[in-house]
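These features come from TrEMBL:
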| type | residues | note |
| --- | --- | --- |
| DOMAIN | 41-290 | domain 'G-protein coupled receptors family 1 profile' |
| TRANSMEM | 25-47 | transmembrane segment |
| TRANSMEM | 98-120 | transmembrane segment |
| TRANSMEM | 132-154 | transmembrane segment |
| TRANSMEM | 197-216 | transmembrane segment |
| TRANSMEM | 237-260 | transmembrane segment |
| TRANSMEM | 272-292 | transmembrane segment |
Amino acid sequence: MEPRNQTSVSKFLLLGLTEDPELQLLLFSLFLAVYMVTVLGNLLIVLTVSSDSYLHTPMHFFVSNLSITDICLSTTTIPKTLVNIKMQNQSITYTGCLNQIFFVQVFCGFENFLLAAMAYDRYVAICHPLRYTVIMNPCFCSLLVLLSLFISMVDALLHSLMVLQLSFCTDLEIPQFSCELPQVLKLACSSTLINNILIYFVACILGDVPLSGIIFSYTRTISSVLRMPTADGKHKAFSTCGSHLSVVSLFYGTSIGVYLSPVFALSPKKTAVASVMYIVIPQMMKPFIYSLRNRDIKVSLRKLIGRMCHL
C-alpha cells in the first residue's frame, strides 16, 4: 500500500462490535442506557458531595473530581458511537479521532493520579490522624488535582503531536468503537518506533509511580488497621477504604486485563469488547460502588433524594 501524508487523511472507520443491523439496534439501546446511568449516577454523586457540608472533606473532594472525570471520559466516546449506530455510518473525521485520543489520554491519566491521591488521603487519615487536617488541607488537595490534570494534559498533548507526524495508508479501519492510540498507530505506514517507545516510557513513569504509591499507602494503612485494639475501629477503618479499593481494583484490573492479556489480541472483535470493558463499564459502576459502600455518601444521598422528591 502506498503511504500518504497525514494531512490528506479525511476520516477513519470505526468498525465497532458488530455490523448486524439487529444487533446494532440492541447495542444502541445498551450504550444509551449505560451512558445515561453513568452521567446521572456520577452527577448525583457530585451534587451529593457539594450539597452536604458534612462531605466537604478531602476524601469526598477527590470522589467528586473522580465522578466528573468519569462523565467526561464517557462523553468523549459514547455519544459518537451512538451517532454512528443511529446514522449507520462508521466514519470519524481525522480531527475527531485525534480529539478522542487526546481526551481519553487526559481523563484516563487524570483518573490514575486521582486514585493515587485518594490512597494517600486514606493513608494519612489512618496512619497520621492527628496531623490529617494539617497535611490534607484544602490548598494541598487543590494543588494535587491541578498538578495531576496538568501532567495528564501534557502527556496527552505529547502523544497527539507525535501522531500528527505520522503518515497513514489507505486502509484506515479501526476495530474499535472509538479511536485508541495503539490501534491508530497500527494504521501508520511510517515508522512508529518513537511513538511506541514514548508510550512504554510514559506508562512506566506515569503508570507505575501512582500504582506503586497506592500499593505502598495501602500496605501501611492495612498494617496500621490490623494493629488497632478494637474490632469497631478496624471495621470503621476498613469501611472507609473499601469503596476506594473496589474502584482501584476495577480501574487497574480492567486496564491490565485489556493491555496485557493475550486473549484480547487474538481478534478485532475481542479487542473491541475489551475496550468497552475498560472505557465504558467502570465509569458506570463507580457511582454504585460509592453509594453502596460509603456510608456517609449513602446517608447524604438519601437526604438529597428526599429533598428533591419534596420539591
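Quick reminder: no glycine exception, Cβ is built from N, Cα and C everywhere.
Remember, TrEMBL labels are computer predictions, not curated facts.
Between the transmembrane segment (197-216) and the stretches 25-47, 98-120, 132-154, 272-292, the greatest number of Cβ pairs separated by less than 8 Å involves 98-120. For the transmembrane segment (272-292), the partner stretch with the most Cβ pairs below 8 Å, chosen from 25-47, 98-120, 132-154, is 25-47.
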